[in-house]
C-alpha cells in the first residue's frame, strides 16, 4: 500500500510533532553544551511559578528570548534551527534563597544585528519578562564576545583623553548639579555655574529633568552657562565645563540642541537614559564625530534595576552604555542618598573602568570579558554626598570618578563658591594624605584629616559642622548573593 506524500515527507522526530511540547525537549536545554567564544552569554535570576521545574523555566527563557513560540512550527525546518536556538546550559540555586535559580543561557551571535542595542535588547529583555510560567525574572549579567563588541564604537573620549583635556591626574574630578533643579531663570542658573566653577569645581551640570520649560528655555540656559564657564576659566586658569542637557522629545530637536551647544563653545553635552537605546547610540555617534564629551544621567534606571527579583541589574546597563559610546554615567556613591551596596557599586565601577573583567562573585560579576579595546567610561557619583564623606568616597570609588556635590555645594551657608571651595580643599587634603601613606579610611584618621584642613579653610569647617551628623544608613535592596556587606557608612 503506497504512502501519502505527507506521510513520506514527515520528519520522524518527536521534536517536530505538531502540538505543544516542553521547551527543554524542544532543544532549548542542553546541559552538555560547550560554550563558544563567539556566544553571547546571559545570566538570569529566575523565580518559577509553583510546580514549574527550574530547568524547564530556564529552557522557556532561552526559547522565548530566541526562536521559540508556544507551539511547534514546521517553519523551523527552513532555518538553521539547531544553531539559532538559545541554549540554557546551567541552572544553579541562588544562595540563601528559596525556589530562586540562576540560569545560564548561550545565544548564537548571528541572532543579533551588529552594533544595535535595540536589537540585542529586543530579544534578551523582550516578551520573555512577561512569561506566565515565571513569577519573576531578572537579567543579572551578560558576556558580550569580542567579535560582537568590536561592532560598537564605545566611549568617544574615555577617561584618559578627558584627563588630558583637563590636565588633571591622580585625583577624582569635582562637580555639582545645579539646584534647585527646576525653576531658576537663565541668568540665575548661569550665576550658579560661575560661582561653583570659580570656587574650585571642574564641572557643573544640569539635572535629569531640566530641558526647555516655560521658566527657562534651553537656549537661554546654554548661553548663560557658557558665560559662567568662560568667566570662571579666565579667573582660575583651569579648563571648566558644564553638562548641558540636550534631552528632548525628538531626535531632530536633540541634534539641534547639540549643534548649538557645540557652536557656542561647550565641550560636553548630556542626555538621559530615558531617551532610549537608539537615541543614546545616535547621539553618541554624533559626539564622536564632533569631538564632544557625552554625559549620561541614569534617569529611570531604578524602575527596573533596584528590585532584586525582577528587572535588569544595573551592571548590565553599565555594559550596554559603555558599548553605546557614552563617556560618563552615574553609577552610585555607596554613602549617598541613593541605592548602593558597596560591593555592587564596586562591580559597576569595575565594569566601566577595567579593560578586562574577571569573575568576581562578591561584586556580582559572573563572566570573564575582554572589552576589545573599547575605551573606559568615567563613573559619576552623585546624590546626597558631602565633603565630610571624602575619605569614604575615595576609598570606595578611587580616582577615576566624578564626585558631584549638588546640595553639598549649593547648600553651603556661606554661598555656592564657599561650598565649592570646601569640597576642593577636602578632596586635595585627602588625596595628599593618601599619597603620603596615611590610613585615611580609618574612622578616626579620615575625619581628622578633614578637621586639620579646615583649620585654614573656613568654608570647609562650616560644611563639616553643618553636615557632620548626616548619613544614609539604610539596607540596600540589591545586595551581593555571595558575600555579606557591612553598612556602607560605618
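Quick reminder: no glycine exception, Cβ is built from N, Cα and C everywhere.
Copied over from Swiss-Prot:
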type	residues	note
BINDING	127, 177, 181, 298, 330, 382	substrate binding site
ACT_SITE	179	active site, proton acceptor
MOD_RES	205	N6-carboxylysine
BINDING	205, 207, 208	Mg(2+) binding site
ACT_SITE	297	active site, proton acceptor
SITE	337	site 'Transition state stabilizer'
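Shown here: features listed in Swiss-Prot, placed on the structure.
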{"residue": "127", "record": "substrate binding site", "Cβ within 10 Å": "11"}
{"residue": "177", "record": "substrate binding site", "Cβ within 10 Å": "25"}
{"residue": "179", "record": "active site, proton acceptor", "Cβ within 10 Å": "16"}
{"residue": "181", "record": "substrate binding site", "Cβ within 10 Å": "13"}
{"residue": "205", "record": "N6-carboxylysine", "Cβ within 10 Å": "29"}
{"residue": "207", "record": "Mg(2+) binding site", "Cβ within 10 Å": "19"}
{"residue": "208", "record": "Mg(2+) binding site", "Cβ within 10 Å": "20"}
{"residue": "297", "record": "active site, proton acceptor", "Cβ within 10 Å": "26"}
{"residue": "298", "record": "substrate binding site", "Cβ within 10 Å": "22"}
{"residue": "382", "record": "substrate binding site", "Cβ within 10 Å": "26"}
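Cα separation, residue 205 (N6-carboxylysine) to residue 181 (substrate binding site), rounded: 10 Å.
Sorting the recorded positions 330, 337 by the number of other Cβ atoms within 10 Å puts 330 first. Separation of the C-alpha atoms of residue 330 (substrate binding site) and residue 297 (active site, proton acceptor): 6 Å, rounded to the nearest whole number.
Note: the CA-CA distance between residue 298 (substrate binding site) and residue 208 (Mg(2+) binding site) rounds to 8 Å. Neighbouring residues of the recorded Mg(2+) site, listed in sequence order and excluding 205, 207, 208, comprise 177, 178, 181, 206, 209, 210, 243, 245, 270, 297 (Cβ within 8 Å of the Cβ centroid). Checking each of the recorded positions (207, 208, 297, 337) against residue 181 (substrate binding site), the C-alpha distance stays within 10 Å for 207, 208.
For the pair residue 297 (active site, proton acceptor) and residue 208 (Mg(2+) binding site), the C-alpha distance works out to 6 angstrom. Cα-Cα distance from residue 208 (Mg(2+) binding site) to residue 127 (substrate binding site): 29 Å (rounded to the nearest whole number).
Checking Cα-Cα distances from residue 207 (Mg(2+) binding site) against the recorded positions (177, 179, 337) with a 10 Å cut-off leaves 177, 179, in sequence order. Using Cα positions, the member of the recorded positions 127, 337, 382 nearest to residue 179 (active site, proton acceptor) is identified as 382.
Classification of residue 208 (Mg(2+) binding site) by DSSP places it in coil, neither helical nor stranded.
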